[in-house]
């Protein structure tokens, strides 16, 4: 699986690049704080000077003629430049992480395709044996069904990824596939796949298994 190694190689540099961006953002924060404090002090002093000038009559009380000094205005422009740099670094960090998330999504789809192909091959081999059950194992779904589900998540791996809004939902909980799942043996079941926990299962059932909805329908039919 060369694509797995490719992704691992590409993601190795992400922590260092994020750390660099965050370090620069912290330095900019410190710089911005110093310039802002200096500008606030300068502006307060100039406001006091203007008030005294108006009171003494040396400054005409015309709002259009009263303005901060060039030094104060330059400091304010410098604050804006620092803030813009912080925004740029934040956008770079976001875009970098987002690009790797999209890349991971692609690799996971490839992995799912490989697992699907392996499941289809295994199903084709098992169907040649008349003594083999039609199968409701969670590793490979019934032929022609919505989508084959995985038996379990890889041990020791926990990934928190954004859920694809286009991914189909299953089970009575109406959630996407995860963990161990079991398929209902009713070919007309509208839901088809169920999480073990949602239907009270601890292990793969032996023989045929029907979901609570299909069992209820069968009982109602027998009662008529």
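Backbone N, Cα and C define each Cβ position, glycine as well.
Because TrEMBL annotations are produced automatically, they should be read as predictions rather than curated entries.
As annotated by TrEMBL, region 'Disordered' applies to 119-159.
Annotation source TrEMBL lists compositional bias 'Polar residues' at 124-137.
The site 'Histone H3K4me3 binding' annotation in TrEMBL covers 170 (among others).
What TrEMBL lists as Zn(2+) 1 binding site is 171, 173, 195, 198.
As annotated by TrEMBL, site 'Histone H3K4me3 binding' applies to 181 (among others).
Annotated Zn(2+) 2 binding site per TrEMBL: 184, 189, 211, 214, in sequence order.
Per TrEMBL, the feature site 'Histone H3K4me3 binding' maps to 185 (among others). Cβ neighbour count for residue 185 (site 'Histone H3K4me3 binding') (all protein chains, 10 Å cutoff from its Cβ): 18.
Other Cβ atoms within 10 Å of the Cβ of residue 193 (site 'Histone H3K4me3 binding') number 24 in total over all chains. Taken from TrEMBL, the feature site 'Histone H3K4me3 binding' applies to 193 (among others).
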Can you give me the same-chain residues 6 or more apart in sequence from residue 214 (Zn(2+) 2 binding site) with a CB-CB distance under 8 Å? 184, 186, 189
What remains of the binding-site residues 173, 195, 211 once a 10 Å Cα-Cα cut-off to residue 181 (site 'Histone H3K4me3 binding') is applied is 195
Taking the Cα of residue 185 (site 'Histone H3K4me3 binding') as the centre, which of the recorded positions listed as 170, 171, 195, 198, 211 lie within 10 Å of it? 211
Cα separation, residue 193 (site 'Histone H3K4me3 binding') to residue 171 (Zn(2+) 1 binding site) (Å, whole number): 6
Among 171, 181, 198, 211, the one of these recorded positions whose Cβ has the fewest neighbouring Cβ atoms within 10 Å: 198
CB neighbours within 10 A of residue 173 (Zn(2+) 1 binding site), counting all protein chains shown, number 12
